[in-house]
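Trainee: Among the features that TrEMBL reports, transmembrane segment is placed at 12-33, 39-62, 83-100, 120-140, 152-172, 184-211, 223-242, 262-284, 305-326, 332-358. The region 'Disordered' feature in TrEMBL is assigned to 371-443. The annotation compositional bias 'Basic and acidic residues' is assigned in TrEMBL to 386-404.
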Amino acid sequence: MNLNFKKRIRHFTWNWFAMTMATGGIANVLYTVPFRFHGLYTIGLLFFFLNIVLFIFNFVMISFRFWYYPATFRTSFLHPTESLFIPAFVISIGTILINISEYGLTGHKAGEWLHQTMTVLFWIFCALAISFSAVIYLIVWSTQTFTISQMTPIWIFPAYPLLVVGPHAGVLASKVSNHRALDILIGGFTIQGIGFMVTLMIYAAFIYRLMTQKLPKESLRPGMFISVGPSGFTISAIVNMAEALPKVIPPGFMGNGELCGMVSMIIGNWVGVWLWGLALWFFIVSVGAHASCVAHGRMNFSMTWYSFVFPNTALVTATFAVAKALDNQAIRIFGCVLTCLLILTWLLVFSMMIRAVLTKQILWPQKQEDRDEGGWKTTLGQGQSRVEKKLMKEGEIEPPRSPDLEFGIQDSDSTSNVPPHTPAMPEERDHVHFPFPGRVTVE
């Protein structure tokens with residue numbers, strides 16, 4: 001059975017902005033590669049422009065979704081899974097701003113107006129990142145209840161907008177006047193600290209979940225790479241901002257400006273090396289967790305596959321930052337190897353995404369982050385829709401499973417049988433059914 005454009009666009013979720021996060025991240029990586037060759041800058045520029053095109057595409061498509069189905073805008077903020085991916089929209093904006101600072105402020109062609117504009121946009125994004133992160137967490141804490149057994153690194157995602165502020169500050173501060181640069185660096189250090197400390201506390205819950213519940217379900221394991229990002233972005237932020245400090249600190253800053261700048265740079269470099277080990281450890285754990293998935297072919301495509309790319313762009317830029325701080329050629333080569341693997345991974349995920357659209361693995365009822373799960377039901381009146389009934393009868397979609405199975409809480413070798421529930425999905429108007437007034441409970 002085929003669905004028309006309008007019915008498929010209903011399932012265009014916020015998670016599609018993971019595509020623009022990853023594409024912008026590739027452009028960022030190519031800008032930081034230390035071994036330059038003719039055409040590398042152009043390749044990075046192509047990824048930058050492609051990212052802008054993809055961002056506009058995503059924005060138009062999700063606008064169509066909310067236009068055709070207005071109630072889905074509110075429900076996307078309350079859904080226990082989709083709501084966690086809303087920050088992908090803000091992060092995509094952040095990566096575009098970083099790319100503009102990298103590729104747009106290069107050389108003498110950029111006018112003073114662009115420097116001023118990027119400075120203003122930096123501070124606007126800082127306010128957006130702080131407010132958006134806080135609001136999303138408040139919505140989650142006010143409308144949903146999770147247990148530690150349901151924990152995945154996706155819980156970190158609402159803090160991700162804070163984590164791209166520091167890397168942007170490091171790039172922008174090196175290209176604007178000193179009096180602006182110092183304010184940008186102070187703001188970058190402050191907000192990066194908020195983001196990293198919030199994610200560090202969530203790290204503890206993730207490790208506890210792994211110790212008590214084993215690895216997540218195979219389809220959810222790509223999200224484990226999200227744990228690489230916080231330390232990776234913080235490394236590149238701290239090292240690059242610390243490198244810029246000696247050049248912008250005034251003579252009397254903190255008593256002795258020159259000494260303050262040098263000490264800050266040294267501390268920043270060693271903190272970067274320290275956190276680099278943490279990023280590598282989470283990367284190794286995340287790669288190892290996918291061994292059984294690849295061996296048994298248990299992974300179906302979802303937009304979370306872009307987690308193979310975006311968080312690891314942070315690891316690569318962090319590797320180049322550490323290599324520059326230590327002036328280590330071996331680490332530079334290691335970073336270049338990771339860059340090649342990352343680009344190949346992006347090409348694979350992008351092609352698999354197109355295939356998934358054609359084979360109805362995504363943009364299809366009950367196949368993406370807006371699916372019914374646990375106590376959450378997205379309904380359209382009373383009774384199941386004719387479309388849903390026919391799709392289930394023909395085997396195109398499956399009835400929603402129990403919350404444990406949906407979130408991948410059960411171990412991959414679990415044999416427990418939890419009876420599925422069938423959602424009521426009528427036809428005309430959207431509304432959301434809550435098991436209890438004002439709160440979605442996922443047990």
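The backbone N, Cα and C atoms fix where each Cβ goes, glycine too.
Unlike curated entries, TrEMBL annotations are predicted automatically.
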Trainee: Can you say which of 120-140, 184-211, 262-284, 332-358 has the most Cβ pairs under 8 Å with the transmembrane segment (223-242)?
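Mentor: Result: 262-284.
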Trainee: Can the transmembrane segment (83-100) be said to touch the transmembrane segment (305-326) if we require at least 3 CB pairs below 8 Å and skip pairs under 6 apart in sequence?
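Mentor: They are not in contact.
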Trainee: Take the transmembrane segment (305-326) and find every residue of the same chain, 6 or more past its ends, with a Cβ under 8 Å from one of its Cβ atoms.
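Mentor: Answer is 18-19, 21-22, 25-26, 28-29, 32-34, 163, 167, 222-229, 231-233, 235-236, 239-240, 243, 269, 272-273, 275-276, 279-280, 283, 332, 334-335, 338-339, 342, 345-346, 349, 352-353.
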Trainee: In the same chain, which residue numbers or ranges, 6 or more beyond the ends of the transmembrane segment (184-211), come under 8 angstroms Cβ to Cβ?
Mentor: 119, 122-123, 126, 129-130, 133, 148-149, 151-153, 155-156, 159-163, 165-166, 168-170, 172-173, 176, 227, 230-231, 233-234, 237-238, 241, 244-245, 248
